[in-house]
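K.L.:
Dumping the structure here so I can ask a few things about it.
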């Protein structure tokens, strides 16, 4: 099926909503199963464990609040919960994406072919196995780019006052941008677009990508919904690629 998508770019909210629609398209659902299973097993188990630990972690986190901010404790407590969910959710979604990266790339490729009518390269299990080293190298590039920035932000959490007020906001913005990079990279990588060039392309539509990443980050924190977010985000990011980036960067048409 050739896509009814237009070349006019939409908001990141639109593409996130499209992800929920596209994930259930006939012919696409079978490529959703493996990423979905990885996400359900890892995120489901991780968040179950997290919720058993919150009553220990949150008081520890709040102990860093200085005396002069104690009067704001009733506001800072929910902010602390959100902070833990943000950091924890992003960490485990990163692990899930590492494990499911070859299948996410295949999902993006098949959806792009369906949306555009283009013919992708040979796929299948042997095609996936052949591409695994390249895909893992790409995931490593993302991790190396992300890690030092994440460490700086995590250090901010241990600064009294800043860690309970400014750091959660900065982490949310950072995770929104990183999740946009994570999911938009699958269609870019399918066309062998270098990692640096991909980031430059995303910056040309930074607001759209931040909107998409912010919604993905929020849904990653919500129990049950976060079990389905990986294939949904891959589909939404692929729709964005088709509308906004494919004409300039596509390797196969």
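Here, residue 1 is simply the first one shown, and the rest follow in order.
Placement of Cβ uses the backbone N, Cα and C atoms for every residue, glycine included.
Marked as transmembrane segment by Swiss-Prot: 31-51, 75-95, 151-171, 222-242.
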K.L.:
Please indicate, using numbers and ranges, the residues of the same chain that are 6 or more beyond the transmembrane segment (222-242) and have a C-beta under 8 Å from a C-beta there.
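P.N.:
Apart from its flanks, the transmembrane segment (222-242) reaches 3, 5, 12, 15-20, 22-23, 28, 32, 35-36, 38-40, 43-44, 47, 51, 89, 93, 96-97, 100, 104, 107-108, 111-112, 115-116, 179-180, 182-184, 186-188, 208-209, 212, 216.
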K.L.:
Would you mind listing the long-range same-chain contacts of the transmembrane segment (31-51), meaning Cβ under 8 Å and 6+ residues beyond its ends?
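P.N.:
For the transmembrane segment (31-51), the list is 23, 84-85, 88-89, 92-93, 95-96, 99-100, 103-104, 106-107, 110-111, 220, 223, 226-231, 234.
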